[in-house]
């Protein structure tokens with residue numbers, strides 16, 4: 001053994017060939033944490049010091065190759081001063097360069113996923129052989145960063161600037177054939193032939209058949225583009241990528257600028273330019289929020305896995321209530337492999353549900369995401385029925401009938417009498433108390449809430465609601481079924497609106513106050529879209545449905561009268577009374593036309609101004625900053641209350657619920673991370689400036705205590721520091 005560590009070993013194979021193997025002990029994947037980087041340095045030094053070594057093959061002992069850097073280390077690392085961060089980055093890069101500069105040929109055998117730093121390590125080798133099943137990519141832009149281990153330097157010099165810009169700016173994973181096509185790898189072979197192919201390649205390089213030094217040289221030189229080619233490659237790309245990414249995600253454009261800046265320099269100077277830019281990105285609020293979001297997502301998945309131990313397997317599901325929602329739930333279950341009965345009392349509703357499932361499956365077929373055979377299999381897994389005849393062997397029933405407590409209670413009591421004693425019943429409700437609905441049941445321990453978001457096939461979140469009498473097994477089984485459906489489940493405790501709607505309605509409350517203060521709703525939409533929301537509140541209300549919003553607001557006002565009840569008529573009341581229900585009937589805040597693709601397209605409708613005139617009680621001068629604060633303070637404070645009330649267990653779950661459920665701007669990290677980014681004390685002071693607007697703007701006593709003690713929700717420095 002030439003070298004042996006906890007993450008890397010180097011052993012002799014044959015005829016001077018050595019194998020440098022990544023296999024991080026105690027982990028399911030390889031990643032570049034401090035330990036692995038340190039051992040990589042020692043392993044490279046050991047190879048350098050051994051005169052008998054004629055070539056190096058790099059392999060992985062895991063199913064994947066190397067998944068990238070250890071993101072859990074970023075939080076503390078990125079708090080360091082810029083100069084220290086740059087120095088640390090260059091120190092790490094020296095290890096990759098030392099590996100690249102070995103006086104023998106190097107071949108990497110990519111057996112599985114190689115992402116981020118994992119791919120950057122591969123780029124430092126002379127040759128890359130890839131299993132046909134493997135995937136490679138540089139996804140750093142998804143964290144608000146760009147490659148920092150030489151990716152912006154080596155990749156353009158290997159596959160050309162245009163291809164490298166596309167790979168780096170998109171952050172996408174690339175299949176083996178695509179990687180071969182652009183020259184990112186030198187060969188693609190069947191997985192079982194990977195080791196033999198790597199050995200063959202290294203032997204041919206050792207024998208001189210392949211000139212590894214000539215292969216290496218372009219990576220050490222300037223980028224081979226003249227001034228006109230550079231201008232065409234970089235300026236065009238910057239404009240296009242800026243349009244795609246938008247102003248809140250600076251990393252893709254900064255990556256292109258870095259490649260451009262470094263184009264006229266050799267490797268070492270180019271790496272210095274990359275390091276400076278990488279650190280600049282690491283210090284942005286967007287990067288800190290997106291890294292936090294990634295870590296929150298990991299925590300969420302870990303929590304969901306924790307339920308697996310007591311979850312029962314759902315082999316057969318059922319949905320009560322067909323139509324669009326029932327069809328969407330049936331589609332999602334069937335396409336992910338769980339057969340489902342779809343029951344309704346009306347044949348036309350069944351047909352509507354089947355049409356919805358068929359339309360969604362057809363869409364996947366058209367896009368090449370599904371074969372015709374798989375589509376047929378999924379359609380056959382949805383069995384429509386008008387009776388309870390086959391419900392005896394159903395493991396879980398999702399009730400998705402109209403949002404009316406009496407109707408739901410009647411339907412749930414009826415289905416309970418037609419299923420097995422251990423069958424779990426789950427109500428797809430957005431606002432009705434699960435404990436209230438459970439009063440109609442003989443086995444309330446088998447009952448939970450399972451709140452899907454519309455449209456079901458697109459929205460990643462499912463709220464699993466624990467009622468007063470819900471058993472842990474019922475909760476766990478519903479979480480497991482939601483995961484099986486490809487959703488991100490969050491367990492919340494019962495209260496009006498649960499987590500997402502309880503937080504959303506104070507946001508709409510801020511909007512209603514603005515409109516009543518004479519602020520143009522079109523302007524409000526533009527300001528909130530600029531802030532980062534996918535759509536403004538008026539447009540969102542039209543999409544949700546004015547009638548749905550009106551009903552939800554009344555439920556929330558009844559549940560939290562101290563702060564959500566408003567005796568004055570609002571914009572929602574005015575539109576509801578005028579039967580302007582939003583997209584569903586072609587007019588709400590906006591009017592709707594059908595575009596060329598048959599989708600609704602919003603247009604301004606002057607007639608709405610007359611409808612809104614009676615609910616405008618004053619004309620206030622309000623700045624864009626005020627608009628953001630009127631909207632965001634109530635949302636953030638209600639999220640704080642949900643955490644304090646134990647509706648949601650952790651800050652991570654609260655934030656991810658808002659990102660997955662209502663499109664909270666990801667680059668801001670969620671409501672609680674947004675408070676952290678401002679500073680808890682600063683946020684409390686900001687809220688106090690708007691105290692005259694009512695109870696929704698009042699910080700809780702506990703939040704004031706956090707402010708006084710200098711605490712934060714995620715226990716890290718503000719991203720503004």
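Glycine residues also receive a Cβ, built from the backbone N, Cα and C atoms like all the rest.
Annotation source Swiss-Prot lists active site, for 3-hydroxyacyl-CoA dehydrogenase activity at 451. If you take the C-beta of residue 451 (active site, for 3-hydroxyacyl-CoA dehydrogenase activity) and look for same-chain residues 6 or more apart in sequence within under 8 angstroms, you find 428, 429, 430, 462, 463, 464, 465, 498, 500.
The substrate binding site annotation in Swiss-Prot covers 297, 501, 660. Around residue 660 (substrate binding site), the same-chain residues six or more apart in sequence whose CB sits under 8 Å from its CB are 459, 460, 461, 488, 490, listed in sequence order.
The feature NAD(+) binding site is assigned by Swiss-Prot to 325, 344, 401, 402, 403, 408, 430, 454. All protein chains considered, the CB of residue 430 (NAD(+) binding site) has 21 other CB atoms within 10 Å. Under DSSP, residue 430 (NAD(+) binding site) is assigned to coil, being neither helix nor strand in the three-state scheme.
The region 'Enoyl-CoA hydratase/isomerase' annotation in Swiss-Prot covers 1-190.
Predicted-model confidence for the region '3-hydroxyacyl-CoA dehydrogenase' (312-721) is 95, expressed as mean pLDDT. Taken from Swiss-Prot, the feature region '3-hydroxyacyl-CoA dehydrogenase' covers 312-721.
The Cβ of residue 120 (site 'Important for catalytic activity') lies under 8 Å from the Cβ of 96, 138, 147, 149, 150, 151, 154, each of these being in the same chain and 6 or more residues away along the sequence. The DSSP secondary structure for residue 120 (site 'Important for catalytic activity') is helix. Residues or ranges marked as site 'Important for catalytic activity' by Swiss-Prot on the basis of sequence analysis: 120 (among others).
DSSP gives residue 140 (site 'Important for catalytic activity') a helix state. Counting only same-chain residues six or more apart in sequence, the Cβ atoms lying under 8 angstroms from the Cβ of residue 140 (site 'Important for catalytic activity') belong to 116, 146, 147, 148, 151, 168, 171, 251. Among the features that Swiss-Prot reports, site 'Important for catalytic activity' is placed at 140 (among others), with the record citing sequence analysis.
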Distance [Cα-Cα, Å, rounded] between residue 297 (substrate binding site) and residue 454 (NAD(+) binding site): 21
Helix, strand or coil at residue 297 (substrate binding site) [DSSP, three-state]: helix
Inter-residue Cα distance where the pair is residue 501 (substrate binding site) and residue 344 (NAD(+) binding site), in Å: 27
Sparsest Cβ surroundings (other CB atoms within 10 Å) among the binding-site residues 325, 401, 402: 402
Number of other Cβ atoms within 10 Å of the Cβ of residue 408 (NAD(+) binding site) across all protein chains: 23
Residue 501 (substrate binding site) and residue 401 (NAD(+) binding site), Cα-Cα, nearest whole angstrom: 19
Euclidean distance between Cα atoms of residue 501 (substrate binding site) and residue 403 (NAD(+) binding site), Å: 14
Distance [Cα-Cα, Å, rounded] between residue 454 (NAD(+) binding site) and residue 501 (substrate binding site): 13
Residues 297, 501, 660 binding substrate per the record - widest CA separation, whole Å: 20
